[in-house]
């Protein structure tokens, strides 16, 4: 079975990170901790790697994974027509529990699935995830579980489900939000922002930054053409107490 590297041990952290970088470069999968649940990651710019991720989870192309990024500068490289209100939210709440659905840069050479020209972006608030992202670049990341099963909150649970379909498991201890809430997902592809799902960040917290007038009045969960095409980040939305299939950590 694929080895699990205990990242609390310096030697295992160094080895695990080195092997994880190599695995991503070869189009293989890596399981890593995030600030919500454990995620299974692939090179976002490798269609074969993204397909391997979907196959490992038993999901189809209609559930494209979200993309985790290492920092704000990556936002403009991956997305276009970014509303000022969405940018303000990213600056205020990244790294953290906010996933933003944006129009993808049309020049990007990637294939995440049936995204309808959108991409769900998040910057996780986890040291190991950010360190790996800083070295690999953007990663397509979905919750580390089989379709229909609860999202893993530790590396062993992820390994029990995904087994040898993953090349490297990075064990960062128990993961997940202390409030057991998923990330909040905001669709920023329309004239106004739409809260697709209210999670760890409340509507009031978002409005305090972007202004109440920046948001549509629709109830959370209303789906736009963009938001229904996005997996809504199994990684970043699934909590420790519910399956990660309500559907990018």
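Glycine residues also receive a Cβ, built from the backbone N, Cα and C atoms like all the rest.
Nobody curates TrEMBL annotations by hand; they come from automatic prediction.
When TrEMBL records 122, 183 as binding L-threonine, the matching candidate from 15, 36, 62 it lists for that site is 36.
Residue pair residue 183 (L-threonine binding site) / residue 197 (ATP binding site) shows a Cα separation of 8 Å. Taken as a whole, the domain 'YrdC-like' (14-201) shows an average pLDDT of 94 in this prediction.
The Cβ neighbour count for residue 118 (ATP binding site), using a 10 Å radius and every protein chain shown, is 22.
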